[in-house]
Amino acid sequence: MGRGRGVAIQETIEECRDTISDRIQYNLGLNESKVVLMDIVTGPNQNVSLQERTKRWMAVSVDARMTKFKKNFYPTNQKNSKNISKDLDPPIQRVDAHIVTPVAGKCGMPLQKFPEFKHDHEKIKIERDAKYVDYSVDEFDMSWMSIMNAKRTKLGLEIFSVAIYEHWVDRLEKMCIWKPKEFHKLKDENGEELDDVCNICLDGDTSNCNQIVYCDRCNLSVHQDCYGIPFIPEGCLECRRCGISPAGRVNCVLCPSTTGAFKQVDQKRWVHVLCVIWVDETHFGNTIFMENVQNVEKALHDRRALSCLLCKNRQNARMGACIQCSETKCTASFHVTCARDSGLVMRINETEDGQVNRFVWCPKHAPPLTDADREMRQLMLRNARRENERKGPMISMPTLMKSMISTICVERPFSDYSEIIYFWYEKRLNRLGAPLLKNFTQGASKSRRLLPKSTICGQLKNVETCEMKKQVNAVKESLASGLEIFDMIVRREERKKDMLNSYIRMFERGFKPTELLCQEVIEALKTIDAGKVFAEPVELVGYTDIIENPICLKDMSEKAASGKYSTVAALSADVQLMLSNCATFNKGNRVYIKYGNTYRKDSTPILEIAEKEEVERLALKTDEKFMTQLLNGVMVEYNGWAQSRNEVAKEIPPPTPSRGRGTGRRRQNPFLDVQELDTDDSKDSSALSEIPGSSKKSSRKRGIQDTKMEEDEEIKPSTSGTNAVASVPLLSSSRESKNKSKSSDADVSSPKSSWLGSPSTSQNLRRRVQGFSGNESSPKVHKKLSTDNPSNSNLRQTTLTNFFGTNPKTQQQVTFADMTATPSGSGNKNVSQRSLFDTPSTSKASSFTSLSSTRPSTRSTSIIPTINKKNAFRMSSASIQSPLPTTKKIGVRAMATDDEEEDIVIQPPPKEMTTQELEAEKLKSAENEAMSKFAHNQLVIVDGRAAKVIESRLAHLASDIHHEQRQSMMKKRREVLSEIPQAAVIYVEFFQKSNTLENFQWVTPDKVELLDLNNIGQRSPKIPGLKAAKEWHQKVLNGEDV
């Protein structure tokens, strides 16, 4: 009988006379104890029929039945052992017989669960191992014994017998300590350990029923499903190659590679599991255990004419079976393993009906690499590193101890046992350490069970080695802690640098000189001079005769550097003079006159905003309260126009964004890191209501960052001077000049980016600044901080003096009156005054808006002034477009602006971007803009199928959408938003009608692509539903009812 079934008493089945007693004991919980003995009572009269015996049995009472069926229990549960009668007989230490399954249907009640009674197999194995010998001699052993016995006979020594040799080799195999070869984990360039990947699928993901297992000999790592190991065996686990041919090298019949996961075709041939999967003719007969490879001969015959283009050894190019490039009419062929080792693009796609399609492309026809392809290439390199380790001989020799040899001598004494031990060791060495007993399970016997790791280390390694290992581990830990401390120091210094830059920019706001502002204006004027007409002086013959006062942008830059411009109005006069000279000299030349008019139109808003900034700064300098708070380091809100630029108001992303989270992004203040005062909500709301144009409730912790462009605002071209700056070409040019200025020693951005903003935001900001001039009340976003009030000294606030290391308690407060009363040329000039009022040099005259190092916004900005957002992405179906509801924020701006618990965090400035990166960001911003503004009835492509967008509020206009469909639509939308709460979902209707479940679907914008019917002929793949989409679009254009 099999394992766990016990030994049968007789050939006939013994009848169980009691089942109700077992049910009672099962309900009482006594079956948790181990049944040691069970006496089976058989009927005295075997001639009675089954029906008669059943009637007799049912007439017997329960107590009478229990007396006929005797059981002795050995309790293992302490709770149940208290309920057992003390009159039970002591457990009998013998094993007679047991019943695994009761005789159902013959007598008694059928049991739902019958406890299994098993032998103590461990004891039986130990007693058998003490006497039984599993090893049998082979021809090689007999040859060695015949040679050795001939020599020992001449010397008169004891000869070897087969029984002695088998006994000694058997005990040596079972008692030796055998440890598989240790393999260290792979590490990356930073020294971090990498997880192994499956040798077949190159995937490191695992699950509870599909783990990555390792061969104990060659350390081959494979998935259970990939290699066909449904159940992980106990003890030693070996791959098929190590189990059958551990010493000999095996070759794949389909490719020249000698490493990897092999399966056996027959007694002499082997194949890779990967080759069987990729070659169309071959497959596994048993897909669970991945065995019984079929059609190998057919594959070799059909593909004998193909040769590998990637084989380094050209002699192996014609061997095996090659696969071909998936590109049509391409005849390139290569082995499966050669293709993967060379990094070719190999993809496996599974359709909905379960069909698997495999594609591989040669280097000439390789498609663009995706993120999955790049990740697969990295995993392939990691697997190649592990393959190189397995190319060497996997020798793992066993270890013997003197106590083991003494035990064998007692069992089977022999005078010259050292010869047997040497021959056994050489035989194991010839097999690369593979055991001689194949069917002996590791750990089945206590005598052969592997010792614990601590015991092995204590027996096999000396004390010096252990001490050295401890020292190495200590050094490793100290290096790891040092690296962590270094990272913390770097982060701390970066925060310090960011804080210092924010304080510097804050002071530049209040004390920026007019000369520096003029330099910024001139740099911006240079950027809009695309033709370089006004960049250099005119050197034409007769130019000075016509023009009395020639001037150009280069002359203006020199005058600004020498400080000749005291006001922006003087600079504006020179610009007007330059444009009038151009019109005078080029009279009759339409090209230059048109260029001059365009330049005048673009430069006028720039000069007007610069003049207003100058006026606003002068107004702020005369504000005693503002200047007092600024000098003492109190973080006050500055509503200047420069702060409201689009690049300043954009959200700065966190340095390490987390994927897959549904929380909204935090809008962070790039200027300040302030812990605001706890003010009353009613006061905040009343203060906010005083700000012109503020209709939304804002957070108290937002500070000055609430100035932003609304989601539904349009970017309109500038038509007059009051419309601020809408000349969007300056934005891109300012970015380029910003990148150039970053090479200087100042850690701030270009001056040109300090006063570029959207028209709407600049108007709002001008309205806010008017309060400082006395016309309106100043905004009360923060509680007033008075230096006269002693209670304010206990409030938490971030001061500049704290950052520079001085004690705020002992520091003397600087007032605006003291600053103005102190002579500028006195010797005891205040330190803060010297650091604030010194005019920076020209080389360091970068803009204070370097914090605005921008990131691309989903609300893309037009590049040409005459193009607005409304027609920037106009497609073929633009005649039926209608905007999405403005209540749903999309993209970066969809964030919780009223979150009271968020803290303002200073982020480091983003990295410097090249011109190519800027262009890529513009394109990406345009794509995001297109994806975030899908209109009702917009033609799109979703997963390769033609569809149209259905806006939820306009779904009733579609004739084919009934009330139940709209209810289902909103229900599915809630389900999708629960999974992807941050993404904007779009409801689409597919034109290809397959069934009712697939006609309508909620999708995310990243899966949607705009369908342009004008250029659809250039698309090579076929789009399902395209014909129906064209017909529907034509009906819309004709005004028909759809």
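Count begins at 1; order follows the chain as displayed.
Every residue, even glycine, has its Cβ placed from backbone N, Cα and C.
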Query = Which of these ranges is annotated zinc finger in Swiss-Prot: 144-194, 195-245, 552-602?
reply = 195-245
Task = Choose the correct range: of 249-282, 929-962, which one does Swiss-Prot annotate as zinc finger? Give that range.
result = 249-282
Query = So, by DSSP, how many helix, strand and coil residues make up the domain 'Bromo' (509-617)?
reply = 77 helix, 0 strand, 32 coil
Ask   = Which whole number is the mean pLDDT over the domain 'Bromo' (509-617)?
value = 87
Query = What counts of helix, strand and coil residues does DSSP assign across the zinc finger (306-366)?
reply = 9 helix, 14 strand, 38 coil
